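Enquirer: What TrEMBL shows for this protein is this:
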TRANSMEM  42-59  transmembrane segment
DOMAIN    46-280  domain 'Major facilitator superfamily (MFS) profile'
TRANSMEM  89-109  transmembrane segment
TRANSMEM  116-136  transmembrane segment
TRANSMEM  142-164  transmembrane segment
TRANSMEM  176-197  transmembrane segment
TRANSMEM  241-258  transmembrane segment
Amino acid sequence: MAATEKTINLDGIVGEHDDKGKMEELTADMPSGPMGLIQNPYVSFVAFSIAFAGFMYGYPGGVLSNILTDENFGAHFPKIYANATFKGWVVSSMELSGAVGSIIAAPLADKYSRRYALIQSVAIIIVGTCLLTGAVNSGMIIAGRLICGVGVGILANTAAIYNCEIAPPQLRGTLIAFYMFFLTLGNMLAFFVTYGFHFLGGIRCAPETPYTGPNNSFDPYNDVPAGGCTGQGDGSWRIPLGLQIPFALILGVFVWLAPPSPRWLMMKNRPEEALDIMEK
């Protein structure tokens, strides 16, 4: 990833994985921080690709907690809506399965490549999101949340590895900042999306029905009309959850177009390919 062409002696590299020293040699003249990204569009593209992985960590982490108070959601899943303990387990289930994803991330990334692990995490998140979006009972919500958690666990850990290995030393701090920025952006967008769709069809499940819960609040066991909610629509929670699919597909395209990790190529005794990537 250097502006000038340099000739590197490959002798002794294979088996030693001396990619760090070669990366420093090739990028010695590259400025650090945002200026380094501006002067190298290729690095900027890779940086954005990795940063968007942070978005896919932040959005799924925030989207479900914001729709739990939707009355239409409560009409479909009264136990989740009314039981605070069960609600807490449903929300935290992604973090629990995320631990499993974190454990398998490194072996998967080492054996098949960082890019492969990221693409697999995207596929897993899409499967989990399909269950969440089409859920008709609490079991499907929990299953979808657990599956998404595995994907997010793989994603978060692999993106961190890929970030460090693909970036020139001068830009690693900047790329980590990009990743954290997009993570926060994803979480923030989840709030605004769920807030906007909260008003789809109104905020009440049954506007014409007096509620019977404490302080005249909505009781999902007694206040839902026979045919379902007549006010707030299913889209108030299905659409925010379903948006994870196009976001995940965008990430998948970015990762597919990004280069392999030079360090992983060195580990696989492919130094010429690794140096070709580092010279871009």
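Placed from the backbone N, Cα and C atoms, the Cβ positions cover glycine too.
What does the local environment look like for each feature on the list?
Expert: Residues of the same chain lying 6 or more positions beyond the ends of the transmembrane segment (42-59) and with a Cβ under 8 Å from any Cβ of it are 1, 36, 118, 122, 125, 152, 155-156, 158-159, 162-163, 166-168, 171, 174-175, 178-190, 243-244, 247-248, 250-251, 254-255, 257-259, 280.
Beyond the ends of the transmembrane segment (89-109), by six or more residues, the same chain brings 60-61, 64-65, 68, 80, 116-117, 120-121, 124, 138, 141-142, 145-158, 161-162, 264 to within a C-beta distance below 8 angstroms of the stretch.
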Enquirer: Do any residues of this chain, six or more beyond the ends of the transmembrane segment (241-258), have a C-beta under 8 angstroms from a C-beta of it, and if so which?
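Expert: Apart from its flanks, the transmembrane segment (241-258) reaches 45-46, 48-50, 52-53, 55-56, 59-60, 63-64, 67, 115, 118-119, 122-123, 125-126, 129-130, 132-133, 148, 166, 186, 193.
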